[in-house]
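Some notes on the structure that comes next.
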Amino acid sequence: MVKYLSQSEAIELDLDLFEMFHVGQLMELAGLSCADAVAECFPAQTHPRVLVVCGPGNNGGDGLVCARHLSLMGYQPTVYYPKPTLMSLYENLTNQCHHMEIPSVKKCPSVSDAEEDYDLILDALFGFGFKPPVREDFVPLVKMMQETKVPIASVDIPSGWDVEKGKQSECDFEPKLLISLTAPKLCAEHFKGEHHYLGGRFVPPALQRKYQLNLPDYGSKLVVRL
């Protein structure tokens, strides 16, 4: 069985990966994996309009990469990136989205606007470094995801969930799709949605052994269903 990681294990594993790979490499593979999982569950023919919600950390970077790949797969992504990270990596990812003519919005959509304008929300707001409660700046966005009927695909962690314990009283939305990256986190044991995929096919054998990950065989696929 695949190992589910604690928050501290996930952080330590990421630091080990950063010593072996450039963060941009890992982000590119993670974001591509997310796009592939979305395509598996929500085809562009039925869910073309995707709101990609990006947070200020690595999870947001994964979202920007995912938006770019979704546009190449025939989707119509729109990016909402309320707190951009002022580092060259993230600025480059944002510019790449501009070059792909991916539109962005500056204001958090209301529940009614989200349901009128989008067929899917990609939640790339908070990653496994998150600790409750949700920062005040992001409360309206999390509230919208709480209340919307638009299906949600969460990248690695459903935003606002405790990384180990799962849903919190102030944030208990259930995404339709959870895309765990590298290895699933303990909160994924509480996931009750329809689709759970694992992506991030980049963990060297030595790290798989160190953390006893017992990862599934991807074969030629970018993601595997859990």
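Placed from the backbone N, Cα and C atoms, the Cβ positions cover glycine too.
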Site-mate of ASN59, SER159 for K(+) in Swiss-Prot, selected among ASP16, ASP117, ASP119, ASP123: ASP123
Listed co-binder of (6S)-NADPHX (same site as ASN58, ASN59, GLY60, GLY61, ASP62, GLY127, PHE128, GLY129, PHE130, LYS131, PRO132, PRO133, source Swiss-Prot) among ASP36, ASP113, ASP156: ASP156
Spatially closest candidate among ASN59, ASP123, SER159, the listed binding-site residues, to PHE130 ((6S)-NADPHX binding site) (Cα to Cα): SER159
Using Cα positions only, nearest of the binding-site residues to PRO132 ((6S)-NADPHX binding site) (ASN59, ASP123, SER159): SER159
Three-state secondary structure, ASN58 ((6S)-NADPHX binding site) (per DSSP): helix
Pairwise CA distance, GLY60 ((6S)-NADPHX binding site) versus SER159 (K(+) binding site), rounded so that it is a whole Å: 11
Extent of the (6S)-NADPHX binding site in Å [max Cα distance among ASN58, ASN59, GLY60, GLY61, ASP62, GLY127, PHE128, GLY129, PHE130, LYS131, PRO132, PRO133, ASP156]: 22
Residue pair ASN58 ((6S)-NADPHX binding site), ASP123 (K(+) binding site) - Cα distance, angstrom, rounded: 13
